[in-house]
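Asker: Just dropping this structure here.
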Amino acid sequence: MSGLHKQFLKKIKEQERAFGLSSLSEDPDESESNSNYFSPTPQPPNELRTDINEERHGHIRETYNDTKRDVFPIADIYTDPRSGVRFQTYFKPPSSSNAPIFICHHGAGSSSMTFCKLAQSLDNEYGKNNEYPGLFTYDMRGHGDSSTTIPPDYSLATITNDCEFIIDEFHAKHALRSSIYLLGHSLGGSVLTSYLVANPDNAYKFKGLIVLDIVEETAIKALSAMPQFVRKRPTTFGDYQEAIDWHIKESHLLHSEESALVSVPDLLRECPNGLIWKTNLQETEPFWETWFTGLSENFINCGKTQHIAKLLVLSGHETLDTNLIIGQMQGKYQLIVFNNTQNTGHFIQEDIPTQISISLVDFVRRNDSPNEYMKKEFGFVPKWGGKIHD
């Protein structure tokens with residue numbers, strides 16, 4: 001470990017402890033870190049089961065559909081005239097224009113419902129004058145209930161263009177006056193960062209960029225394990241419970257069954273004798289090398305025109321590259337690390353939605369209302385540039 005990295009770790013220990021979170025490890029195990037991303041323990045391919053528990057299967061389906069409708073009352077299709085791709089979107093409006101809106105982008109192989117429990121937790125944690133934030137999300141092309149092109153194109157440039165279309169369309173459909181925070185998990189964080197780089201002078205009211213559990217160097221190294229994982233993951237499941245059990249008990253991709261009851265069914269399509277994946281991850285392989293290259297530098301430098309605040313939230317002890325270390329020490333972004341490997345994995349928004357919500361609400365309040373935040377947290381509002389009286 002470099003001296004710069006040690007100095008960095010020492011600096012943030014007190015900051016993270018003060019926030020009630022686990023600190024970065026001083027001697028991270030790089031191989032363990034990489035496994036958090038894309039390389040859960042591969043399992044032998046499943047044969048299609050015929051012993052479906054129809055009652056259990058139907059109950060999970062009903063819970064999934066009811067929860068999705070309750071959390072996201074607005075579910076629209078946005079069709080991009082340039083590509084013909086139909087994007088499934090979900091929107092939970094804020095209580096008023098005084099509450100923020102989170103625009104969320106999921107990662108590869110995931111879907112919008114990875115943010116469902118987070119949306120519920122944000123309502124519980126925001127709790128200011130009976131207000132609650134909004135949350136908008138959409139299924140990336142070829143994921144969830146969105147379509148894709150033939151031949152498929154999952155390059156970062158293309159899915160960034162998709163993101164630009166979605167955000168423009170979202171603003172056109174809704175008279176937005178709330179402050180907006182962009183929130184991306186894994187590949188979604190790279191897409192939103194790329195969007196800000198490509199649109200430095202946009203007129204939207206972006207206040208912050210939040211990236212969940214992605215570090216450029218670690219992600220690029222972890223991609224080497226993806227082909228084996230994609231080949232060896234089950235191709236079919238007998239019912240929803242079997243799929244949930246695989247995500248939690250076998251692959252350890254997820255750690256919360258409550259969240260998995262909504263997020264996992266959204267990944268699967270029912271066929272006559274079971275369930276198959278909606279997303280063909282093998283089709284994305286030719287584009288993997290485009291996804292994360294330059295992410296750290298772009299994250300540090302994007303959004304300067306709008307003075308966009310930035311937050312990086314990690315599930316465990318990642319080895320940060322020099323750009324991220326220097327950027328954090330210079331105060332260019334806030335870093336939060338959750339280091340409880342028994343309860344958290346790569347999908348931290350699903351595993352610990354309450355803790356993530358607390359972190360997001362704190363980030364929003366210090367950026368939306370800094371004077372009010374300082375007064376509440378520290379009992380005073382600093383008068384920068386004024387005289388200090390004894």
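Glycine residues also receive a Cβ, built from the backbone N, Cα and C atoms like all the rest.
Pulled from Swiss-Prot, these are the listed features:
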ACT_SITE  Ser186  active site
ACT_SITE  Asp213  active site
ACT_SITE  His346  active site
DOMAIN    100-332  domain 'AB hydrolase-1'
REGION    19-50  region 'Disordered'
Asker: Cα-Cα, whole number of Å: Ser186 (active site) versus Asp213 (active site)?
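Answerer: Here the two Cα atoms are 6 Å apart.
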Asker: What is the Cβ neighbour count of His346 (active site) at a 10 Å cut-off, with all protein chains included?
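Answerer: Other Cβ atoms within 10 Å of His346 (active site): 26.
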Asker: Can you tell me the CA-to-CA distance separating His346 (active site) and Asp213 (active site), as a whole number of Å?
Answerer: 6
Asker: For a quick check of packing: other C-beta atoms within 10 Å of the C-beta of Ser186 (active site), how many?
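Answerer: Other Cβ atoms found within 10 Å: 25.
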Asker: What number of additional C-beta atoms lies within 10 angstroms of the C-beta atom of Asp213 (active site)?
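Answerer: Step by step: centre on the Cβ of Asp213 (active site), count other Cβ atoms within 10 Å, giving 25.
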